[in-house]
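First comes the structure, then the notes that go with it.
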Amino acid sequence: MPENEEPYRKHGDPRKYDPSFKGPIHNRGCTDIICCILFIIAVLGYIAVGILAWSQGDPRKVIYPTDSRGQFCGQAGTPLENKRLLFYFNIMKCASPMVLLSFQCPTTQMCVEKCPDRFMTLAKAYYKDFEYYKNFCKEGVTNTMSIPEILSARLCPAMLTPSKPFTRRCFPALGSIGGVITVGNSTTFDDGRGNVRNAKDLVDGVTNATVVMEARQVVMKIFEDYTQSWYWILIGLVIAMVLSLLFIILMRFLGGIMVWIIIVAVIVVIGYGIFHCYMEYAHLKGEPGANVTLKELGFQTDFTVYLHVRQTWLAFMIILAIVEVIIILLLIFLRKRILIAIALIKEASRAIAHVMSSLFYPLFTFILLAIVIAYWAVTAVFLSTSNEPIYKVVNESVCEHSGLTCDPANYSTSDMKKQCPDSGCLFAFYGGETVYHKYLIGLQFYNVFLFFWCANFVTALGQMTLAGAFASYYWAFNKPDDVPTLPVFASLGRSLRYHTGTLAFGSLILSIIQIIRVLLEYLDHKLKGAQNKFAKFLLCCLKCCFWCLEKFVKFLNRNAYIMVAIYGKNFCTSARDAFFLLMRNVIRVAVVDKVTDFLLFLGKLLIVGLVGVFAFFFFSGRVKAFENTAPHLHYYWVPILTLVIGSYLIAHGFFSVYAMCVDTLFLCFCEDLERNDGSAERPYYMSSTLHEILWKVKAEDPSVSPAQRVQVEDSPMKKTQEKDNA
C-alpha cells in the first residue's frame, strides 16, 4: 500500500512471510564473542580480587573494639576473649579535636571484663584496694612499684570513675543533682594528680568519644534488631511470596476480576494510609515538642524521634494524597485502555499456564543475585579491613615527634621516647604503605563495577530465558500440542551456550551508565556546600539525562533480548530490529504494553502495602494482641523497611514473569501481523483474544488506512470469532 511504504522505509522493512519459521531458531551460532571473552576475563579478575582481599582483610576490625595495641576485645580464642569491653585511661583526653581527626583518643585504651563501678584514685587505692585497681592496669604492675613510677610508665590510670558499658565501651556514669552534672554523687573529683576537677569536664570527653562511634553504634543496634527479628522477617517474606503466588494463580482464572480488585484495593490501602497519617497528625496536636520542624530537628540516629513530630505525618499525608490523585486520574484517562490490557493479561495467563516452570525461574534469578550481592558485600568488607594497624606518637606536652609513625614493640627504648618522656606509642588507625594498599581504592572501584555488571548480567539472563520460553509458546500453531517440552530449560541452555557475549554486552552498557550515575551522585554530595549555581545546574542536568538514558537502555535491552531469543542474532542487530519493530507499532506500544505494565505495578504496590501495613502494626506494638509476641527492638522501622523492600523484590520477581510474558507476546504479536494476514495460506499464530485486541487498537490507530481496516474486519479469524460468539 503506497501510503504506508514511506513509514516502513523510515523504520525498517516489515518481516516477510516465511513458511519455514516455527518459532525460536534452534540452528544458531555464538554472538558477540569478543565481549564474552572480556566478561570471562573480568569475572576471573574479580575472583582474584576476592581471594586477595580475603587473604589480607580482617572483618574483626569492624566487629570488635580495638585497644592501644591493635588487639581485639572479646575475640574468641585469644587471651582477651573474656575482656569484651574497652576502657579509657583518661576519658577527658577524648575531648581533644584530635579525636575527630584520627578517630582515636590520645589516651591508653585496654580491654577489661567489667567497667569500674566505684570512684577512686591510684593514690588512695594503692594502700587499700590495689588488687581491684590492677584490673584496669597493664600487665607488669606490681605492689613493689611506686606511684610515680606507675604513672610515668603509663601502666595504670590516675583515677577510676564509675562507668557503664555503651557500644562495648566504658563511659562515665554521669548523674545530675539539681541540674548540675555529678560523678559518684559529687560535683567535683580528684584527677589522681592532685587537681580537683569539675564533673562537667567529663562531658566533653564522653561527647567526642560518642561522636566517633556514633555510626558504628547505629549499625550495631540495627544488627541487634536483625538478630531479634530475623525469623519474623522471614515469616513476612514468606507471606509476601504466598500473596504474590496467589495473585498470579487467581489472575490465571479470574484475570479481569483480579485486575479490578487490585485497582480498588490499591486505592483503598492508600486511602487508609492518608487517614492514618491524618489521625496521627491530629493526635500529636498540643503534644510538647510535636510542633518542631524537621529542619530544626536535624538528623537523628533514633528515627523514631521523627514519628513524634507533626510535620513528619503531614509530609507522609501529602505524599500519599498526591500518589492517590495521580493513580485515580490515570485510571480515569486509561479506562478504555485497561479493558484492552486485561485481555492481554488473560492471554499472558494462558501462556504461563502452559509454561508453569516460568513461575519458579525468579527463584533461580534471586539465588544468583543473592550470590552476587553476598560476594560483593564480603569482598567490600575484606577490602576495607585489609589495612595494617598504624601506631602514632601521642603526647601531653609539646613534642616534635607528635603524630609520627612508631613501633610499639621497641618504643620504650627509642630516641623518640627519650626526647619526649611523657609520650606514648598508641594505635591510631588502619592503613598501609605497600603496593596493595596504594591501589586499594582502585580495587574497591573494580569491586563495585563488577557488582553492577554481574547483577545486570543475571537479570538479562532471566529476561532472555523467559523470552525464549514464551516465544516458543506463541509460535506454536496448535497450542499446547506444539509447545516444546521444558521450554524454560531449553531457552536457558540456548542463552548460556550461544549468547553469553550478547548478555555481557548489553549488561556492560547498562553498568557503565549506572556507574556514571553513581559518580554524579558522589559529586553532587561533595558539591552540596558549593556556591557555584552554574555547576549545580549542570550537575542536575547531567543526572537527569543519565537517568533518562538508563531507563531507555533498560527498555531497549529488554526488547533486544527478546529478539535474540527468537532469531539468535547479535546484540546490535537485535536492538535495531526491536527498536524499528516498536516504532512501526508505536501506537500499540503506548495503549497496550505500557498500560499493562501500569496494572502490574499496581499489583506489586498492593502486595507491598498489605505486608507493610501488617508489619507496621506488628512491630510498632500498636495492636495489643501483638505486644507480647513482637520482639523489643531499638528501631522498629528496621524490620518494617526490610519487609517492604523484600516484599517488593519478591512481588517484582513474580510479576516480572507476567511483564516479560506480555512484552514477548506483544513483540511476537506485532511480527505476526507483519508476517501473516489471517488467510488460510498465511494464518495468524495469535489466539482469537489477541486478534480482538488488534481490532480495538487498529480502530484507534490513525496511521492505518481504511483499506487495512477493511482487511482486518474481513479476516477469517474475525469471522470465526463472530461465529463462536453467535
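For all residues, glycine too, the Cβ spot is worked out from N, Cα and C.
All annotation found in TrEMBL is predicted automatically rather than curated by experts.
Marked as compositional bias 'Basic and acidic residues' by TrEMBL: 711-726. Per TrEMBL, region 'Disordered' is recorded for 701-726. Annotated transmembrane segment per TrEMBL: 33-54, 230-250, 257-275, 313-334, 355-378, 450-477, 498-520, 598-621, 633-660, in sequence order.
Remark: the transmembrane segment (33-54) contacts the transmembrane segment (498-520), by the rule of 3 or more CB pairs under 8 A.
Counted over residue pairs 6 or more apart, the CB atoms of the transmembrane segment (450-477) and the transmembrane segment (598-621) come under 8 Å in fewer than three pairs, which marks the two as apart. With a cut-off of 8 Å between Cβ atoms, the residues of this chain six or more beyond the transmembrane segment (498-520) that come close are 28-39, 448-449, 452-453, 456-457, 459-461, 464, 539, 542-543, 546-547, 549-550, 553-554, 557, 560-561, 564, 568, 570-571, 574. Two recorded stretches are said to be in contact when at least 3 C-beta pairs lie under 8 angstroms, sequence spacing 6 or more; the transmembrane segment (257-275) and the transmembrane segment (598-621) meet this definition. Same-chain residues lying 6+ beyond the ends of the transmembrane segment (633-660) with a Cβ under 8 Å from its Cβ atoms: 221-222, 224-226, 228-229, 232-233, 236-237, 240-241, 243-245, 247-248, 251, 302-304, 345, 348, 352, 358-359, 361-363, 365-366, 462-463, 466-467, 470, 558, 596-597, 600, 603-604, 607-608, 611-612, 615-616, 619-621.
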